[in-house]
């Protein structure tokens, strides 16, 4: 047998290689041409991340440090060349991108996208404030406090604010579960709940936003005609303040005019709306500050707004000036206008007077007593009224009697019947608007950070304003004034304006402009929402509304929005439109909470929100609260809203495809399973729904016992009881003779699955060859859409010592089968050292060595493992390799950004691997590998001799490797910078005694073998990577590593096994991962 000696040599200068016999320097700069398909199933798949990088591929292929992966670099590119693309994403939704490309017909020419730059304050917090504060605060909150009382008003505010806060928490979880492109709330809901629910809820949200525009316009008209310019009314009501047909017609005419003007403004350009947005917000803030200033001033100097009372009834002050029955003029008692109204005569005769007017005195009380007057105690309790009932003050003396019907218009009366539920429906729109920030997601610098912080902060701020306003109004304003919706008792002043400082006009003007601004914002946002739904193409008849002007403005959608808003204008009553608005928003919020609860309970791998302060119980509580509020405020409106959503759902489902509901004969379970399987079979899952569905291939011993049960343990830890797990095995033989054996093996595996707590199915096949049986399992396991997408395959231990080449041939053929089937492959090496389900790692790392990108499996697997109690405490580290021409600092930044978008917590490290010369150790090890392979083919050795020879080579490999990698400091100090080099000594070989009868004639030619250049490069990759990995990850709990693909030429299979051995040498637990050729993890929500 030939001998090898290990001798120290000088450092690796290029000239030293020339002294080695049979070694010539190879120039690796030139690359060979590549084919689109390798004939072994390694087909390309179109993907934004798995794409041929023709521009830079030339240098990549023959990079010495990555030569082991060179055959597949066109479909599995280098990480360094990919990170820039991964972190630079577009703000357009997928549907919008497809729509734009279809319209332009050329995807090549694109306008340079402007980078999003808005932060939390300007992008989320202030827009949410502007949308939440609205017309209800200024026009209805005082009336609500007077009607419901301070305590019940606080309860209404608490319920509504809790509803929006819980929804905001759920929305924050969804918004931080990936990058939220433009499309905001609709995008989040539709991508979380699917097209049917997403389309239904998206349209509900759109209708809610459209009716909000109508509500704001009606509020602006009410302010204009009631408080700013009452003479501008075209129609005059028969009574003083009743909502007669004349008043409603005024609202309709002016509302239509306002709507037309606002639509024209939005059509001309949304930039004008955005320019005035800050002005409108300033109006809101100034108005609120003036209310607080007036409340403080009322403590020591309350404003003078007297209220005229007849008995305990409140009189409407807009038709008379003097609050008295008679006055003395020139020592003569004369009747006032008030007497004239009640007695229908200027004379002081009581013949035709109203009986109640004669029996009760006229008094005047302060409308704003101030915070120090103690009216809060009187205003604590509710005073609900029926329609037409007079507003009365409790505690004032009054003689009850029937009055004249025509005198009713002189009192302040309730225009609608009130109750707790009615007030809830009217008030709820004043807490909507929480999605204004998420609707601007495309403009946010960091949506995952800004949306939760800005939205929740805005809700807390507005809630505090509402709570304090309720208490302030109850403490400062007289109860009868609070219940006076239109301010008739205080000379037709806006009630909240009477408290404001320095003037009521601050509130009147401020509220008018803020409601106009909110209406413009709604008319701007609603068409864009409809355009996003139309571009998704889930509702065919809406497709036309996806088109717009050349600059993308949704012209047709704006027209439809204006028409629907006109329906709200025709209703003409703010109190009637508000509950409709509440229904649609509550429906939307209900499904946001449902989406969060469902995602949390299903525990899909893609559900990794950065926002951690959520729980499915909070989402369920928010969903229940939304449903309860819908039926509490208006049960018939709730039914109509749910009917509309249901019809949209069924329409989208019908348009998508015909659905199979099952025959129902064999029971509900079978019907549901069949229906679900038929649904699943429609196509592959979306990237965000991808989870590993495992096919675990087990090896059985002669007694049909599982040889490596830790494979099942690993599968149970990876799955954590979720998803599909199929355990398969092959029995070699004839099916007719081995059927009973297969049944016994299946039962043995099922028992082991129960022990290891693997929830799944078992399948044992009988085949004449193990390779064929494994191929059959890979092809045929599963049913319909419930099929495996990942294969767990054990490592063939002892393949070097085996006399039968099938030991490693079966393994490599199975690798090729999984690649051809586009399945992911997981190969746990040293499986005996993997932890059991009863062990706990209290610390340590799971190290990911991301060499090439093949779909993101390497990032997803540690996340799934860490969901299990065994690996829960382990921290994740990601290493990637940088070459000489890579910017390692930028790579580290890009990788950190990419992981941030993936919502994965991991330490990031970029390892620089210089293009060092190929070491003599690498060269000699390659030579030994090829010589050993040649010798085993050529020599007719007995089994004993073959085992001894193979073990001898292995022992020399291990000893040399340990000496090279793990030499202690003492030896290093002696050797200095010397390297270890293996040298083939021909003299020793010639002097070696050996029996020529056991050797072929051409054995002597083995010493003249030159190692294949590609094998030298591959061995160099394996050695260098192994050195780096062992140095940094020798103490890791688990190392995940890209698995190189098998060679295209099957003659190099044995060398491929050797490369994998060298790559993983010295590591305790290794998981070799090979992606299936598709993306399995995404930064998007």
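Quick reminder: no glycine exception, Cβ is built from N, Cα and C everywhere.
Keep in mind it's a predicted model, so treat the numbers as computed, not measured.
Swiss-Prot lists 1-119, 173-196, 441-450, 532-554, 599-612, 652-1085 with the feature topological domain 'Cytoplasmic', giving a curator's inference as the kind of evidence. What Swiss-Prot records for 24, 47, 81, 88, 734, 916, 967, 1050 is phosphoserine. Here Swiss-Prot flags 131, 132, 216, 429, 432 as K(+) binding site. Annotated topological domain 'Extracellular' per Swiss-Prot: 142-149, 226-248, 298-419, 474-504, in sequence order, evidence recorded as a curator's inference. Marked as disulfide bond by Swiss-Prot: 308-323, 343-353. The chloride 1 binding site feature in Swiss-Prot is assigned to 433, 434, 435, 589. Among the features that Swiss-Prot reports, chloride 2 binding site is placed at 589, with the record citing similarity to another entry. Annotated region 'Scissor helix' per Swiss-Prot: 665-681, in sequence order. The ATP binding site feature in Swiss-Prot is assigned to 697, 699, 707, 708, 730, 794, 795, 797; the stated evidence is similarity to another entry. Per Swiss-Prot, phosphothreonine is recorded for 983.
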Alpha-carbon distance [residue 216 (K(+) binding site); residue 323 (disulfide bond)] in Å: 36
Cα-Cα distance linking residue 708 (ATP binding site) and residue 343 (disulfide bond), given in Å to the nearest integer: 105
Nonlocal neighbours by CB distance (under 8 Å) for residue 795 (ATP binding site), same chain, sequence gap 6 or more: 811, 827, 828, 829, 830, 831
Shortest C-alpha distance to residue 435 (chloride 1 binding site) - which of the recorded positions 81, 216, 308, 708, 730: 216
From recorded positions 131, 308, 353, 589, 734, the one whose Cα lies nearest residue 797 (ATP binding site): 734
Sequence-distant neighbours of residue 1050 (phosphoserine) in its chain (C-beta under 8 A, six or more apart): 812
From 131, 132, 353, 697: recorded positions whose CA lies within 10 A of residue 434 (chloride 1 binding site): 131, 132
Per-region confidence, the topological domain 'Cytoplasmic' (652-1085) (mean pLDDT, whole number): 76
Residue 433 (chloride 1 binding site) versus recorded positions 81, 308, 353, 699 - nearest by Cα: 308
Distance [Cα-Cα, Å, rounded] between residue 81 (phosphoserine) and residue 132 (K(+) binding site): 46
Tertiary contacts of the topological domain 'Cytoplasmic' (599-612), as residues 6+ beyond its ends and Cβ separation under 8 Å: 169, 172-178, 192, 448-449, 452, 619, 687-692, 720, 722, 860, 863-864, 867, 902-904, 1081-1082
Cβ-based neighbourhood (8 Å from the centroid) of the chloride 1 site, residues 433, 434, 435, 589 excluded: 128, 131, 132, 164, 167, 168, 171, 185, 432, 436, 455, 585, 588
Packing count at residue 734 (phosphoserine) (other Cβ atoms within 10 Å of its Cβ): 11
For residue 343 (disulfide bond), the number of other Cβ atoms found within 10 Å of its own Cβ: 22
Intrachain residues whose Cβ lies under 8 Å of the topological domain 'Extracellular' (142-149), provided they are six or more past its termini: 156, 379-385, 418, 420, 423, 426-427, 470, 473-474, 477, 479-485, 495-496
Separation of alpha carbons, residue 589 (chloride 1 binding site) and residue 131 (K(+) binding site) (Å): 16
Integer Å distance between the CA atoms belonging to residue 432 (K(+) binding site) and residue 699 (ATP binding site): 60
